[in-house]
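Under the heading active site, pros-phosphohistidine intermediate, TrEMBL lists B:HIS14. Per TrEMBL, domain 'PTS EIIB type-4' is recorded for B:1-157. What TrEMBL records for B:HIS14 is phosphohistidine. Marked as N6-acetyllysine by TrEMBL: B:LYS73.
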Amino acid sequence: MKIILASHGQLAKELINSAEMICGKQEEVSIIEFIPGEDLCKLKQKFSECMDDSAESLIITDVFGGTPYNVAAGIALQNEHCLTIAGASLPMLLDVFMLRCEENISIQELANRILSNSTQYVRSCQELSYLSESEEL
Amino acid sequence: MIIKLCRIDDRLIHGQVATVWAKAANAGRIIVCSDEVMNDTIRKTLVLQVAPPGIKVNVVDIEKAIRVYNNPKYARDTVFFLFTCPQDVLRMIEGGIPIKSVNIGGMSFKDGKKQITKAVSVDDSDKETFRKLDELGVELEIRPVVNDVKVNIMDKI
């Protein structure tokens, strides 16, 4: 399963670099950077260059409703092998990379798991500080 | 207890451990075995807080770790032992725990230590301990992330 990470500016590249610090080198990852001054045409072209119509692709974009998302959503709505989600973050990306390793996981199942796990990506230290040992040994 | 993984990492549970190693180990429980962490409230709280989902985490001193390992109640439990230093691994083995292989993830640089890889620094006491572990036939592999190539620490010290 291919992962395409699309962002405003260089966030996508650096998110991948950071994720690889934690879970090692990743295969089948592409990045798309939306650079100031680029138009929609150019951005669409970047997407089509890294899409492979026959392979399953998950496009992850930074901001819901931003240009990378809007272009990606247009592609995903016309391509049954492709899904788009928004809200890229390091915890999300780690989750994606780990879930992708699971045997026979479909792209739809992966996207569903990401959505349901997403509330766990933001945590508060104070809220958790009441926690004690899982279970005394 | 069934030992799935032993790792030395003085940052304990951090990104690599929480996401990659916990999954690779596939153990029901992570036990941090360290007298030092056991007596350090802040470190202990943090470790418990960042427990990966679905995995129990405990912090115990070495003496208790040995007792727990031998407790028939946990005979079928799978465990990932996490240490801060090789000396504690040796104490566990001398206490009768059959540790066959140790993954060395991170030992941070401090005054008096010599850096041998990006993530691992050792002093004379560490070297001496690794030699003893090696003589006992324990595999000692440096590997920050699962997919990295195993490097035998004995080739580096």
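Even glycines carry a Cβ here, placed using N, Cα and C.
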Pairwise Cα distance for the residue listed as 'active site, pros-phosphohistidine intermediate'/B:LYS73 (N6-acetyllysine) [Å, integer]: 29
Greatest C-beta neighbour count within 10 angstroms, which of the recorded positions B:HIS14, B:LYS73: B:HIS14
DSSP three-state assignment for B:LYS73 (N6-acetyllysine): helix
The domain 'PTS EIIB type-4' (B:1-157) [mean pLDDT, rounded to integer]: 95
